[in-house]
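Peer 1: Sharing a structure here in structure tokens format.
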Amino acid sequence: MTSIEPYITYAIIGFTCLLSFYAFNRPQVMADLMMTPYLIRQRQQYFRFVSSGFIHNGTSHLLLNMFSFYFFGGSVEIMFKIIFGSRGSLYFILLYLMGIIVSDLPTYFKQKNNPSYHALGASGGVASVIFASILLRPLSDICLYAVLCLHGFILGTLYLAFSYYQGRKANDNINHDAHLYGALFGLVFLAVLYPKSLLLFSEYIKNWLMSPTLNSSGRAGLGLIFSVIQ
């Protein structure tokens, strides 16, 4: 049996790292590629919606996004190729690129008259891939700093709640709206392409809830969700 390799994931990571490192010490390159809503509106530089997803604001920002993308992107790419066959590669590329674009649209409309606002990073695309993975495999554990491990759908719920809350506060320099809308886009994109994923997701959760005993991951996750909701 021929193994399936996530070559697109590797290529995206490689290109993103090369372009990000190239731009780190070249402020003009960084300025030319960033998502600057004012310039997009004034000069119709729509390429910035995509180019901004391939540069980052420092090594830690780059490594965090690319490590997350490596961890989830490879498995999602392989699952897409299994589910969609020859179209899987195209759909995976669309998921990532459209995740970057769609996640920036709310910020664009909010900041289009602000010449001093800039954003960059692959967070929207990475979030779309992570949440497509959660929809396909909701009970797979995701570990935070190798300490707290929760089922994907539990951590995803907390992530959405946190991003929404932080986005409304808007008191830091992180574009939390990109995280939120990228995640939501990933869910919608996969649900439209593969409606069966919704049925499978609900079956996974129903069987988990009906299990005689919830494991420690489940109990901790439910407690966190209820505390956030309250």
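Placement of Cβ uses the backbone N, Cα and C atoms for every residue, glycine included.
Grabbed the feature section from TrEMBL, which reads as follows:
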TRANSMEM  7-24  transmembrane segment
DOMAIN    44-194  domain 'Peptidase S54 rhomboid'
TRANSMEM  62-83  transmembrane segment
TRANSMEM  90-109  transmembrane segment
TRANSMEM  115-136  transmembrane segment
TRANSMEM  143-166  transmembrane segment
TRANSMEM  178-201  transmembrane segment
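Looking at the shown structure, can you explain where the listed features end up?
Peer 2: Below 8 angstroms of C-beta separation, residues 30, 33, 53-56, 58-59, 62, 65-66, 69-70, 73-74, 77, 89, 92-93, 96, 122 of the same chain, each at least six residues beyond the ends of the transmembrane segment (7-24), sit close to that stretch.
Note on the transmembrane segment (62-83): residues 4, 6, 8-9, 12-13, 16-17, 20-21, 56, 89, 91-92, 95-96, 121-123, 125-126, 129-130, 132-133, 136-137, 194 of its chain, located 6 or more positions outside it, place their CB under 8 angstroms from a CB of the stretch.
Within the chain, the transmembrane segment (178-201) has long-range Cβ neighbours (under 8 A, six or more residues past its boundaries) at 83-84, 91, 94-95, 98-100, 102-107, 119, 121, 123-132, 134-136, 138, 153, 156, 159-160, 163-164, 167.
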Peer 1: Residue list, the transmembrane segment (115-136) vs rest of chain: Cβ under 8 Å, 6 or more residues beyond ends.
Peer 2: 16, 30-31, 33-39, 52-57, 61, 65-66, 68-69, 72-73, 75-76, 79, 95-104, 107, 152-153, 155-156, 175, 178-187, 189-191, 197-198, 200-201
